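These notes are about the structure you will find just below.
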Number of protein chains: 2
Amino acid sequence: MKKYLYPEKEQWEVLTTRPTQSYADIEETVKAIFKEVQKNGDTAIAKYTSFFDGVIIEKTEVTTKEIEEAINFVSADLKEAIALAKSNIEKFHAAQQTGKVEVKTTVGVYCWQEKRAIQKVGLYIPGGSAPLFSTVLMLAIPATLAGCNEIILCTPPNKNGTVDPAILYTANLCGITKIYKAGGIQAIAAMTFGTQSIEKVYKIFGPGNQFVTVAKQIATQYNVAIDMPAGPSELLVFADTSAVPAFVAADLLSQAEHGSDSQVVLVTTSKAVLKSVESEIKNQLNELPRKEIAQKAMENSKLILVNNIQEAIAFINDYAPEHFIVCSKKETFFVENIRNAGSVFIGNYTPESAGDYASGTNHILPTNGYAKNYSGVNLDSFMKSMTFQKISEKGIQNIGKAIEIMAEAEGLQAHKNAVTLRLKSLKNGN
Amino acid sequence: MKKYLYPEKEQWEVLTTRPTQSYADIEETVKAIFKEVQKNGDTAIAKYTSFFDGVIIEKTEVTTKEIEEAINFVSADLKEAIALAKSNIEKFHAAQQTGKVEVKTTVGVYCWQEKRAIQKVGLYIPGGSAPLFSTVLMLAIPATLAGCNEIILCTPPNKNGTVDPAILYTANLCGITKIYKAGGIQAIAAMTFGTQSIEKVYKIFGPGNQFVTVAKQIATQYNVAIDMPAGPSELLVFADTSAVPAFVAADLLSQAEHGSDSQVVLVTTSKAVLKSVESEIKNQLNELPRKEIAQKAMENSKLILVNNIQEAIAFINDYAPEHFIVCSKKETFFVENIRNAGSVFIGNYTPESAGDYASGTNHILPTNGYAKNYSGVNLDSFMKSMTFQKISEKGIQNIGKAIEIMAEAEGLQAHKNAVTLRLKSLKNGN
């Protein structure tokens, strides 16, 4: 842990900088695999699944039998927990539905905005050490609520060619029936171009390692949209003397166990809090099973002492954390003034884990400072807003002259003419 | 004009394909200029302004004096037209404001979503033959309504080093005071990295030629967001016998005058309508000042006859037009079933020009099939949604067990521990 006592504002740029990743090498690999998948489809998928995941898959699509087996395999306790989480996530995302926005801007000019679902979406669930069935909930629930017509899910198979039962169980529970054993770059390429067995989609969602991240960025060059650029997970906690140091330490460590590149930051106005959180971290670290990962992440963590809450919030907005926990007597000040954060957790009994799993909010959030310009995944991520307008004869007479003048001033005569013809026709009583 | 009578579904892929553009060469140029601007700032901007725009600019920022002169220069008629357009655009975009979404997902678990403005945004207004002051309205109005703290505008200077008065007048009217004479790749690079005189922004908006489009895509590799990938403008009209052929022809031509690469498509269920629109186009084309551009675009235009309205809407959704005009006895059918379009114009008195200028809707819309997965610019484009949660002691007791079980099942012990500590503390009555 690195301590910074009353850093000068000149230091902020360094303190808010995340470790840069070299994408240049990866980019070439990604482009090559994209080309191969575009050309050879399923054959290329099988090749790279064998290469990266170390297993030969004969049928990419998960069978009904596999799903049924998964349903039997998952414990009753876990099913109950998932049901609670699903219910809360559904409530929160359903409430995000917005109605038609209708405005009569001028007499006879009716404009409205409506949101309609993106028809084909692809959900990516990473493999690796932790089977992220919670991410299935976070993507499948809003996709279904939005009304997307085709929802497919790709996730890498493990060494024996299967998918974690909890992932299959959760996907099935959310109504996702098209599940494919494909991961990494080749899965993103498959959803971008389509293969014999995997459908092309319009938008790709989900977290992933740096290969998946670069693959998603390359996908955008082929008319596919993505949820957001992803990076290693982050947590920033602001704590004053009202915070429980053991809780703060536990939250910081929960973030650190995600990976050795996780970003963990404490900002405080109290030297005593800084010290006690530091010592709590040391105590708790020893008892974690994923101690090595967490310890490595904690080496890069920052404990920052600042002069006052104004300085604190200015720094936090500059950092733009993915997750922001505030345990402070002045929590209202922070809630009102936070501008850049993915998700905000307020008070001693609101651990980040709650939002990761079961409170109802989404856990796919902007990292790496992207909270300055990106939303976390929400219902609107699965929709697009379209505008409509209907103008009456009276309406075009009301705004027609303005259009003619503006089109003429922009040198667009045919734009003007489209109005002039109509106005003339109305004048002539046609 | 190319005519397609009752095309088979197999032909749709060709009919919906836009001419592909080779970005490979441009990409190298863009990357080189980005590097130079990142390193040399204003010096690089001046160099490329001289190179591309053919003028040496001493002061990049537009002065108050230049703005005052512009205000005097713009005619009273044009000022009045702009005022009407501004009022309508403001009404429509202000109505898009959404409130806090608050949900108590479980007793003691309070989650809410709030939208907050992106703090720093950059608006790009292209130069060239037409001074697009209307685009200033379309970007500056929602940016201001959203509450963006810093709004800057870049636009290329013309040969004598000035900016079109209508652009300056409109920007000033909308409250934009930081206006820079910089265009093309170098302007996008300046807003991405910041220079001595131009501020770095978090999100870049606005249309542009293919150089600007590629530059915006490259900008996303440097933590900057963009409104959408842009391409040549498009219009698809569905017309049946209720349509006025002269109006349809005028609308198609208004789109064609944007550029020789504009996409213009007529879909109809009536052979007679196809014929009369075709002959109207020929008549009207001769009278246009931008005849050459429009004629070239019309060469690539498509007149498509289909069997029925079901086939029509299926094709239109597959094409996903930027602008979609529907003049049909069955307009309700089309309005209800259109899934993929940027903006929809309904009826004989709703020309696309209305939405381009003055009805109130935004004219920055997804092209090139991106209406399948992108929204047009709207109020939300200038905001990001953030989530908040506050959990009480009772609340964490209600959902804590579910979190523990799920975290354990994902192998994330520290996530579980953050909850366990709190539950224990409550049990012990601390």
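Each Cβ is built from the backbone N, Cα and C atoms, and glycine gets one as well.
Keep in mind it's a predicted model, so treat the numbers as computed, not measured.
Listed by TrEMBL as binding substrate are A:Gln255, A:His258, A:His323, A:Asp356, A:Glu410, A:His415; the candidate from A:Ser233, A:Ser279, A:Ser301, A:Ser381 that the record includes in that site is A:Ser233. Across the structure, A:His415 (substrate binding site) and A:Tyr124 (NAD(+) binding site) place their CA atoms 44 angstrom apart. The DSSP secondary structure for A:Ser233 (substrate binding site) is coil. Proximity to chain B, defined as a CB-CB distance below 8 A, holds for A:Asp356, A:Glu410, A:His415 out of the recorded positions A:Tyr124, A:His323, A:Asp356, A:Glu410, A:His415.
In this structure, the CA atom of A:His258 (substrate binding site) is 12 Å away from the CA atom of A:Asn209 (NAD(+) binding site). Checking each of the binding-site residues A:Tyr124, A:Gln186, A:Asn209, A:Gln255, A:Glu410 against A:Glu322 (active site, proton acceptor) by C-alpha distance, the shortest gap belongs to A:Gln255.
For A:Tyr124 (NAD(+) binding site), the same-chain residues that are 6 or more apart in sequence and have a Cβ closer than 8 Å to its Cβ are A:Leu153, A:Cys154, A:Thr155, A:Ala187, A:Ile188, A:Met191, A:Ile204, A:Phe205, A:Gly206, A:Pro207, A:Gly208, A:Val212. Here the Cα atom of A:Gln186 (NAD(+) binding site) is found 23 Å from that of A:Ser233 (substrate binding site).
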